[in-house]
Amino acid sequence: MPLPIVAILGRPNVGKSTLVNRLAGSREAIVHDEPGVTRDRTYQEAFWCDRDFTVVDTGGLVFDDDTEFLPLIREQAELALAEAALAVLVVDGQAGLTAADNEIADWLRHQNRPIVVAVNKCESPDKGAAQAAEFWSLGFGEPLPISSIHGSGTGELLDRVLELLPPADEAAGDETEIGVAIVGRPNVGKSSLLNSFLGEQRAIVSPIAGTTRDAIDTVIERNDQRYRLVDTAGIRRKRGVDYGPEFFGINRSFKAIRRADVCLLVIDVLDGVTDQDQKLAGRIEEDGRACVIVVNKWDAHEKDSSTIYEVERQLRDRLYFLDWAPMIFVSALTGQRVEKILDQVNTVVEQHRRRVGTSVINEVLGDAIAWRTPPTTRQGRQGRIYYGTQVTTQPPSFTLFVNDPKLFGESYRRYIERQFRESLGFSGTPIRLFWRGKKSRELERGANRATRV
């Protein structure tokens, strides 16, 4: 089951990115005292009281100005809220309640999501309650005074968030239907591939539009399995895109990636893997989606009996961070091998949803440690892995309980991930490893101890 999402919203310069970094225990979100630094939404994993979830950072909301990037920022916030289980509205306790805060609150009342108000910049515990009091008028219950910089009050905020999140064992969506996003640069043959699917399969639902801002889905059925296919906008380099319909179409494509079970990354074999293909592949991995690499226009490529192996080697050299994704060579124009794509989709989705028993995980860890012991510092402190367990699926995610996460460098973390893949498979899906210190439950409740490989 995918991790539940918590959207962090608010007007510019109230400290949203600082709060995200505090909740996720990282510094990935860019922080600057100039409004509008965050434009795209960014996702980070967080952990609190045995619950894993995702926090999404959004740009500052401004409703009365349509200049420059502001419409895009609003669109990003709407997309974040649409996929979130709840939202945290961040306000500035030093500035007090503003007209912009009220305008955002009016908008949130129509979004049908639980809302928690976090009154940031309450650095003084003595004054925090008084600073937060005036935000009762927003109508979202008790406002919580916090300091994102110092961490005070964030434990109470996280407690409130967990109260409102859906139960951990609650199913997310209809797992009998497989969502497939067809993504790639312009003119690589995405629409031709969709048409080829429709020519081969029986369409059982007319194209369904969600809102006017959503991509159009097409549902097909094959061997009693339903697939929801999304043909996304071609994704180009940012400097080649005007801030108009195409720009918003591309952002809807990114949303399609996040809500899909599996992405078909379509590559034009005549062009090879471009820089933009690499960035798109990175987005798929970052969002934790299963993936099949579809190499299109194979009919137009000159070849002999060994060509396919050489071409695959060249493509994989450029897509090394998707080395876990299967690759298939097709021609959407002629239909060559298109029918085999859905077989690959079934396989990778099964791996994406797969669970592994704790005993098996710890057997893999034991073998890995026997082959290569954890590193030791110059002061003689050695890393110790006590045990591991799977915490979620889609993508498969594991928590490793260790004496101190800081003792495990990137090299050893990558080694453990390789051992997981060699022993457990997981073809077609990324995996996540979280490293948690044994004393994490005793530490100050302001920072996340789980770190992603």
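Glycine is treated like the rest: Cβ placed from N, Cα and C.
Over in Swiss-Prot, the protein carries these features:
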type	residues	note
BINDING	10-17, 57-61, 120-123	GTP 1 binding site
BINDING	184-191, 231-235, 296-299	GTP 2 binding site
DOMAIN	4-169	domain 'EngA-type G 1'
DOMAIN	178-353	domain 'EngA-type G 2'
DOMAIN	354-439	domain 'KH-like'
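This view paints the features noted in Swiss-Prot onto the structure.
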residue: G10; record: GTP 1 binding site; Cβ contacts under 8 Å, 6 or more apart: K16, G60, L61, L89, V90, V91, D101, I104
residue: C122; record: GTP 1 binding site; Cβ contacts under 8 Å, 6 or more apart: G93, G128, Q131, A132, P145, I146, S147, S152, G153
residue: W298; record: GTP 2 binding site; Cβ contacts under 8 Å, 6 or more apart: V269, F329, V330, S331, Q336, R337
Sorry to bug you, but what's the C-alpha spacing from T58 (GTP 1 binding site) to N187 (GTP 2 binding site), rounded to the closest Å?
31
Please count the residues of the domain 'KH-like' (354-439) that DSSP assigns to helix (H, G, I), strand (E, B) and coil.
32 helix, 22 strand, 32 coil
Cβ packing number for N187 (GTP 2 binding site), 10 Å threshold:
11
Count, for each of the binding-site residues N13, T58, the other C-beta atoms lying within 10 angstroms of its own C-beta, and report the residue with the smallest count.
N13
Among all the protein chains here, how many other CB atoms are within 10 A of the CB of G184 (GTP 2 binding site)?
25
DSSP on W298 (GTP 2 binding site), three-state: which is it?
helix
Rounded to the nearest Å - Cα separation of N13 (GTP 1 binding site) and K190 (GTP 2 binding site):
40
In this structure, which of the binding-site residues K16, K190 has the fewest other Cβ atoms within 10 Å of its Cβ?
K190
Roughly how many Å lie between the Cα atoms of K190 (GTP 2 binding site) and T58 (GTP 1 binding site), rounded to a whole value?
30
10 Å Cβ neighbour count around L61 (GTP 1 binding site)?
24
